[in-house]
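What TrEMBL says about this one:
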ACT_SITE  B:Thr199  active site, nucleophile
BINDING   B:Thr162, B:Lys188, B:Thr199, B:Glu281, B:Asn404, B:Ser409  substrate binding site
Number of protein chains: 2
Amino acid sequence: MASITSVSPLAPKSFPDLPVIEGVRFASAAAGVRYAGRTDVMLALLAPGSTMAGVFTRSKTRSSCVRDCQSKIGTDSDEGAAILVNSGNSNAFTGAAGDGSVDAICKAVAQTTGLPQSRVFTSSTGVIGERLPHQRIIDKLGDLHGALDAGKAHEAARAIMTTDTFPKGAAATIALPGGTVKIAGFAKGSGMIAPDMATMLVYIFTDASIARADLQSMVSAINDRSFNCITVDSDTSTSDTLLMGATGASGVPVTPRDTAFAEALETLFLDLAHQVVKDGEGATKFVTVTVTGAASNADARLHAMSIANSPLVKTAIAGEDPNWGRIVMAIGKSGADADRDRLTIRFGDLVVAENGWISPSYKEEDGAALMKKQDITIRADIGLGAGAATIWTCDLTHGYISINADYRS
Amino acid sequence: MASITSVSPLAPKSFPDLPVIEGVRFASAAAGVRYAGRTDVMLALLAPGSTMAGVFTRSKTRSSCVRDCQSKIGTDSDEGAAILVNSGNSNAFTGAAGDGSVDAICKAVAQTTGLPQSRVFTSSTGVIGERLPHQRIIDKLGDLHGALDAGKAHEAARAIMTTDTFPKGAAATIALPGGTVKIAGFAKGSGMIAPDMATMLVYIFTDASIARADLQSMVSAINDRSFNCITVDSDTSTSDTLLMGATGASGVPVTPRDTAFAEALETLFLDLAHQVVKDGEGATKFVTVTVTGAASNADARLHAMSIANSPLVKTAIAGEDPNWGRIVMAIGKSGADADRDRLTIRFGDLVVAENGWISPSYKEEDGAALMKKQDITIRADIGLGAGAATIWTCDLTHGYISINADYRS
């Protein structure tokens, strides 16, 4: 297993103060799933009346707990809900035994909390292909239930880390006509534990009162513009999960038409998504790729993803090389429409290339100076239409190779 | 520019003896396009009666000389043909000036050789976005024409190298009912010159007599099973070009029904394609990815490409880690159909995973021993149908990062 001791240079200065979300309590414990000397399991319990929504990996080889969550998330219920997450073992590609572990944990959580099993959601992250020692988790459920505390979200965020170099949290308070509501969330991702693949897990809670279908539509739409717009290395985990619960404890009703809430939620999703990129394996640069002028939004996304996933673009950024030729290459290979002579490439506001060639105003030293920054913005205008998309990524460095190649399992 | 001084550990022991192909002569020269102290331009001249075929990059931002070749390749002609290639500057993304350089070179080659301009094909490889100093090339045309020699294919192969660590050649002699025919070819690719992107150029010649349409259909079909089945880093050059000429000098007619010829040609294409992978930037392992049992051949190709391009799979191979979980991940994200519980994963003949989990017969030390080899075979059976595909690639190492990031342009 790779040893990662230093915090990412792109990490925020500190973990934010997460406000108490009335109707949700958290607990964490050290169950010894794989790690020693740290917490590795967290329980979140949501009060009766809470609604739940979720989005999940599209992998065809997704894990048992993802399939189980997907089977439960789409139904209305007046019951509360529980979320149980372990780190250290992803219970992915463990065949029928994996399904059995999920069932055993859900049954035990249901017994401990008094909830029906259909309201227990689980996630696992860590080593793949090894049987989950689920009894170790079940043995801790009594302790976890006894320790539930509305103020323990930060500890929960730490318990779900694998080789993340920092815990990731975000919060918002929104004044609405009907009263004030709060949102708090945390995530893990882009750390690596041999031989797993950088699973992203996200849990978000609000005391707003939101109907399940409304919550799901907001979560799905905003997820498409945030977590689905980040890439570290183009690889997709079998376990990616985002769950959001709305307790309604504030008594303030919210619908997707409440733009102040929707905007705050999107800012929070983006904040967490960007933190995942900033903990990307080996990352030293945070990169925003914005494509405009494409024939469609879908084409813009193809171009932006092609740029953001190109190893040659990502290594150029690591080398602080204003290598616009590689951006042209990535646009050319994306599969979406492009015309060499209509492209405009900018680093930040600096026009680098236009009309099929380097801009007459461009000076290499200006581009080189921009590339020395920690935050890099690449802008490509395709010159064909009104399609636009933004993707966030990081650079590709020796650190990535060290984390993922320089060990034996 | 990256400095690459050592030959790839995967290089063949020596450049093969390329037989003389009657009807083709070669010459090379040092025109000083970018490099000092080495040849950087080559001319191949094919006798009247030669037929030509070609395949080209599908990039939407392809270079001027690729567009020019494409406009000329599809027409019949009794004239000979000339191929003029320079290294050091790719003349890509150079706007209207780039088109002018191609026209100037083609016109000059036509004048020197007496051919119509429509029978002059050019390629350029090297730095992108800089104006091609085409006059330096034109100034050498007289010398090149005077030095043409049927035995100089090896020298031509060297002149088109950029940062390839070895020249790449392959040959075949085929006894057909009508007589013996020969094929000889050479390629460059996967070396890197800042800020260009590992262009692949391939030139193949035979003394068989083949109608243009027949030659094109063979080249297109075999290219789909060889050069289109290799990947180093998923990035696509704006300049990739393969040209094949058949001089007919042997007097032996060949059609696509001559399976002995077609098989020899495919073996030669594969040999050159594998040599390009073996010169992949930073490569230390040659990897064959074979997918069977997919719902269709197209699905099998998606799965195999997803495995071969996955940074997590490629770094695991670099680390000699038998990390089958990352292969499951790559299959899951490919977009093609898969069912976790029907997958079978093998390293060589060793069954690693089956029925949704690790194989009961698998021992980690057996997998680890296989990963120490220089040639690695990954086999995935999807268990859904009869679709199959094979893709060849290399590992992802610190060498790749060093070549592509550790310099300033």
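Cβ atoms here come from the backbone N, Cα and C positions, even for glycine.
Recorded features from TrEMBL, shown on the structure.
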{"residue": "B:Thr162", "record": "substrate binding site", "Cβ within 10 Å": "26"}
{"residue": "B:Lys188", "record": "substrate binding site", "Cβ within 10 Å": "30"}
{"residue": "B:Thr199", "record": "active site, nucleophile", "Cβ within 10 Å": "30"}
{"residue": "B:Glu281", "record": "substrate binding site", "Cβ within 10 Å": "27"}
{"residue": "B:Asn404", "record": "substrate binding site", "Cβ within 10 Å": "30"}
B:Thr162, B:Lys188, B:Thr199, B:Glu281, B:Asn404: the recorded positions whose Cβ falls under 8 Å from a chain A Cβ: B:Asn404
Distance [Cα-Cα, Å, rounded] between B:Glu281 (substrate binding site) and B:Thr199 (active site, nucleophile): 12
Coarse DSSP state, helix versus strand versus coil, of B:Glu281 (substrate binding site): coil
DSSP-derived class (H/G/I helix, E/B strand, else coil) of B:Lys188 (substrate binding site): strand
Integer Å distance between the CA atoms belonging to B:Thr199 (active site, nucleophile) and B:Asn404 (substrate binding site): 14
Euclidean distance between Cα atoms of the residue listed as 'active site, nucleophile' and B:Lys188 (substrate binding site), Å: 8
